[in-house]
Amino acid sequence: MAFSMSPLLNGERAVVLFFITSLLVSLPFSLLYYGLALSLLTLAALCIEIQAESSNSLHQFKTRPGASSGILLGAITLPGVMLAKMIQLTRAFSSNHIALEEIETWTMQFWSTSTCCLSVLTLLKNSMHESDVVSLACPQRLWRLRLDLGCKILYGVVCYSSLATIYPNVVHVALMLSWIVCHGLVASKLIQHLLCTFPACASIGEALLVTSGLVLYFGDMLGCTIAKVLGAFSSSDLVSFQYTMNRSEISPIVQGLLLGLLLCSVIFKHLHIWECILNTENSEAKKYFEIRRSMIFFALLGFILIVVVPSWMMFVHEFDAHPYLWVISFTFSEPLKRISLCVYWLSLICASILRFYNISRNSKIERILLRKYYHLMAVLMFLPALIFQPRFLNLAFGAALAVFLALEIIRVWRIWPLGQPVHQFMNAFTDHRDSELLIVSHFSLLLGCALPIWMSSGYNDRPLAPFAGILSLGIGDTMASVVGHKYGVLRWSKTGKKTIEGTAAGITSVLAACSILLPLIASTGYILTEVGRSLCSSETLTSTRKFRIMVKIRKRMQQNRISIDLNFEELGWFIS
């Protein structure tokens, strides 16, 4: 099938292909397998996206109206980010800053994520094949089937070869391959469930991105749990290093809270089906039913968050105290800084809500422009915290995400007495990209700012990498929307709303912000402090190597007259 150059070269695809090309050009020879896999994934996603948008062959999936499919962007975003992180770790490994085990961790995450995306692409391809089976001739169908099978076989060979370079044991490689394949199977089932349960709430690319992220995140939780179970009965060497390494206490706390909220929602759904049998027309009986229903929900939520979740946290991680007590002690370990930061956040949130909520109800300003003020507010909230209190910000992001998820569950289920007020309040800030069923804009903003920070944990030699989400969403996206809305004339495509003027304004504003931010964080000692912390958190470096690097960092900070936030007492190996 011949395609015109116009759909092949639209703005979104050009940017995505430029990103992939930049990654492939900077690949070291040791990551050749990963580059080949990403190239196959990009080619498959591009072909499926072009075919889907040209023939409307994925109409059985009810996606967000007016949105492009976004298949290419959704399929390569997480694998591309994983590969960029591995390029960074390869540089660190060559300079003896990390050991091979940390590369092994990101290797498993890369293959798990890319397999999730490939499995979903296979599902989409099969759905398109069912709709096109009548229109295509038999030789053409046979040629496509052979090409698809050849690509999958090549991908499997590349994945096996990559794992074989890390795990010399064939049994170990087979187990890791089975674990990776399980990620793909779960992803293909999950995206169908999401698109059916929440119709018209997301594009296919957005659903693909959410699906691969959820499978990877909760697959990590399951892997840690299995590793602890196996370690309790036997010292198995077949468990991947990423599930046995020592982690920060913040990670299991955030994972446990999110798992508990989702588990509560799933259980309550089945209880709600049973309760619906009692539906009645009587207003008093209906009121009693709502109160009884809310009591069941809050009792279930309390039991899971108070009993089940802390038990899992303490099982997968050795806490010195109860996890919730650890959070309190961590917050009050630096009371002046962290309590002041909390007061600053709450004051900013209250002032913004009181100001913009009334504007959104009474003003004729477009919602999409009004919501950009919240993007600017995210810059004011998160930028100082990231510079001066990065660990506390990690915990705050997890707590905020848990609160957002709890409120969305309450809003969707209309839990008395909060469900209806929360629904009315959230509707004041929605636009065409949100649906009546699911509101996700606040999740997108929060995760967009948090994910670069979370993924920059550990070794990081790019000081601006944690700021990527805050700068791109808070400054770049805001400037692009405002300039594009007021002054935009040249559009990237005939059907889209994005303009060249808006894109140029977004890129220019981010570059300007980076030029201002880099000297600022250098003057505060943030760069050297974070390098030291990342090396201290490494479980694979020897104590002598850590000590020598820390001494060099401390001398450099003293020479530059930078206030030293690093403390040798943070290092257990130094005390011992």
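Here, residue 1 is simply the first one shown, and the rest follow in order.
Even glycines carry a Cβ here, placed using N, Cα and C.
Keep in mind that TrEMBL annotations are predicted by a computer and have not been checked by a curator.
According to TrEMBL:
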| type | residues | note |
| --- | --- | --- |
| TRANSMEM | 15-48 | transmembrane segment |
| TRANSMEM | 145-167 | transmembrane segment |
| TRANSMEM | 207-233 | transmembrane segment |
| TRANSMEM | 253-274 | transmembrane segment |
| TRANSMEM | 295-316 | transmembrane segment |
| TRANSMEM | 336-357 | transmembrane segment |
| TRANSMEM | 369-389 | transmembrane segment |
| TRANSMEM | 395-416 | transmembrane segment |
| TRANSMEM | 437-457 | transmembrane segment |
| TRANSMEM | 463-483 | transmembrane segment |
| TRANSMEM | 504-528 | transmembrane segment |
Before we move on, state whether the transmembrane segment (253-274) and the transmembrane segment (504-528) share at least 3 Cβ pairs under 8 Å, counting only pairs 6 or more apart in sequence.
no
If we skip the immediate neighbours and take only residues 6+ beyond the ends of the transmembrane segment (395-416), which ones have a Cβ under 8 Å from one of its Cβ atoms?
250, 253-254, 257-258, 261-262, 264-265, 268, 272, 290-291, 293-294, 297-298, 301, 327, 330-331, 345, 385, 422-423, 426, 437-439, 442-443, 446-447, 449-450, 453-454
In the same chain, which residue numbers or ranges, 6 or more beyond the ends of the transmembrane segment (369-389), come under 8 angstroms Cβ to Cβ?
334, 337-338, 341, 344-345, 348-349, 352, 356, 359-360, 363, 396, 429, 431, 441, 445, 449, 453, 466-467, 470-471, 473-475, 477-478, 481-482, 485, 520-521, 524, 526
What residues in the same chain, six or more past the boundaries of the transmembrane segment (295-316), come closer than 8 Å to it by Cβ-Cβ distance?
221, 224-225, 228, 252-253, 256-257, 259-261, 263-264, 267-268, 271, 275, 322-324, 406, 413, 415
